[in-house]
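Student: Below you'll find the structure I mean.
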Amino acid sequence: MEEFDFIQSIKPKYYRQSSVIKGIGDDAAILRHTNNDIIMTMDTMVENIHFNEMTTAPFHIGYRALAANISDIAAMGGKPVSYLVSITVPDRWSAEELQEIYQGMTALANAYHMDLIGGDTVSGEHLSLSITVLGTVNNGKARYRNTAREHDIIFVTGTLGDSAYGLHLLLNEQDDAASQYFIHRHQMPSPRVSFINQARPIERMALNDVSDGIANEANEIAAASDKGMLLDFDRIPYHDLLAKNSPDNLYQWILSGGEDFELIGTVPPEDWDRLMEYAKLTDTKLTSIGKVVDNEKFNGKAWLRYQGQLKILDKSGYTHLKR
Ligand SMILES: Nc1ncnc2c1ncn2[C@@H]1O[C@H](COP(=O)(O)OP(=O)(O)O)[C@@H](O)[C@H]1O
Ligand SMILES: Cc1ncc(C[n+]2csc(CCOP(=O)(O)OP(=O)(O)O)c2C)c(N)n1
Ligand SMILES: [Mg+2]
Ligand SMILES: [Mg+2]
Ligand SMILES: [Mg+2]
């Protein structure tokens, strides 16, 4: 199958979103939105950096890459609407494998009523998938990292470390039945779109998604808001089996693991009960893990209460372009 046939094969038969004026088939796509702000985000996944043949089947490559982007839309408080895909394909990848990558994206796009509206296809040495997702949020209502204030409660959704532990199990060929939960969390992450849209009535919320581990993401909120983020290690949620199977590395998994695509944020204490309600309504695990302080000594950084001591929680996680 060459380029033209491939594009024909992935072209949607219809578009779900009325905002799509022109999808695949011209020089560019055209959308029409009048009442919303448009959110645009792009993330790339590259063979041997974000996945390899031990960790991720073609279906899951597509699924995870789109999930990572949808998670950034959720982290802005919005809804995903449409996406563009740029794919670089080595000769050794078969037509079937390419279709499976797209099936992985389509499965997730169906769940969110999203439309594939364009992209680009080229040959190259390593498989690389760059996705741009467009989302919407009511005018002026996007959630920013720089809005944390003193006394806010710091929350996180779900459990942390699952994806990184799943990756570890896959890389060490421990993908037995007992490991399936963690492997599933690595291969098919669930961005927190419904929870964050349910929580729309809450006036102020600083928000970030956990792609690089909360040590990183908590520091990003602290720096953007110029506040101190005080986290309590004992309150950070993790799966029972993680503590049971890998107690020695628990600290590492939950703070620096990354790729959980959960949300970390802050809300005023008076909004906490309401946020818990929204979590219940959307079947979302929600945990309070600390509080925001405004104090010269603490501002701009994340701090961790661990074994009775308060210490700086350094940024960790995956860093590209290390030289
Ligand atoms: N090569 C680039 N060119 C322009 N902007 C970039 C580039 N790489 C990252 N950014 C921007 O830098 C910010 C941080 O990116 P990143 O750490 O990848 O965010 P996230 O973890 O949410 O994906 C975002 O606003 C992103 O759009
Ligand atoms: C084979 C393999 N090795 C290592 C990892 C771990 N890993 C790769 S990138 C990354 C961090 C997240 O990716 P990045 O491109 O930094 O995403 P962004 O911060 O832009 O959301 C992690 C934890 C992986 N997923 N697969
Ligand atoms: Mg990114
Ligand atoms: Mg993000
Ligand atoms: Mg990163």
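A Cβ is built for glycine as well, from the same backbone N, Cα and C atoms used for every other residue.
So TrEMBL says this about it:
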- Asp27, Asp72, Asp209: Mg(2+) 3 binding site (BINDING)
- Asp27, Thr41, Asp72: Mg(2+) 4 binding site (BINDING)
- Asp43, Asp120: Mg(2+) 1 binding site (BINDING)
- Asp43, Asp72: Mg(2+) 2 binding site (BINDING)
- His50, Glu259, Tyr318: substrate binding site (BINDING)
- Tyr102, Gly119, Asp120, Arg145, Ser211: ATP binding site (BINDING)
- 25-137: domain 'PurM-like N-terminal' (DOMAIN)
- 150-298: domain 'PurM-like C-terminal' (DOMAIN)
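Just tell me what is around each of these and how deep it sits.
Tutor: Counting Cβ atoms from all protein chains shown, Asp72 (Mg(2+) 3 binding site) has 22 others lying within 10 Å of its own Cβ. Secondary structure from DSSP puts Asp72 (Mg(2+) 3 binding site) in a helix.
Classification of Asp43 (Mg(2+) 1 binding site) by DSSP places it within a strand. A 10 Å cutoff on Cβ-Cβ distances gives Asp43 (Mg(2+) 1 binding site) a total of 20 other Cβ atoms nearby, all chains included.
Here Tyr318 (substrate binding site) comes close to Asp212, Gly258: these same-chain residues lie at least six apart in sequence, with C-beta atoms under 8 angstroms from its C-beta.
Long-range C-beta contacts of Gly119 (ATP binding site), restricted to its own chain and to partners at least six residues apart, with a cutoff below 8 Å, comprise Ile24, Leu84, Val85, Ser86, Ile87.
In the predicted model, the domain 'PurM-like N-terminal' (25-137) shows an average pLDDT of 97.
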Student: Quick check for you: of the binding-site residues Asp27, Asp72, Tyr102, Arg145, Asp209, Glu259, which have their Cα within 10 Å of the Cα of Asp43 (Mg(2+) 1 binding site)?
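Tutor: Close binding-site residues: Asp72.
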Student: Rank the binding-site residues Asp27, Asp209 by the number of other Cβ atoms within 10 Å of each Cβ and report the first-ranked residue.
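Tutor: Of the binding-site residues Asp27, Asp209, the most buried by Cβ count within 10 Å is Asp209.
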Student: Using other CB atoms within 10 angstroms as the count, which residue among the binding-site residues Asp120, Glu259 scores least?
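Tutor: Counting other Cβ atoms within 10 Å of each of the binding-site residues Asp120, Glu259 gives the minimum at Asp120.
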Student: When you measure from the Cβ of Thr41 (Mg(2+) 4 binding site), which residues in the chain that are at least 6 apart have a Cβ under 8 Å away?
Tutor: Asn69, Asp72, Ile73, Met76, Thr132, Val133, Gly135
Student: Got a sec? Which of Asp72, Gly119, Asp209, the binding-site residues, have CB under 6 Å of any ligand 3 atom?
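Tutor: What lies within reach of ligand 3, judged by Cβ under 6 Å, is none of the binding-site residues.
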Student: Sorry to bug you, but what's the C-alpha spacing from Asp209 (Mg(2+) 3 binding site) to Asp120 (Mg(2+) 1 binding site), rounded to the closest Å?
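Tutor: About 27 Å separates the two Cα atoms.
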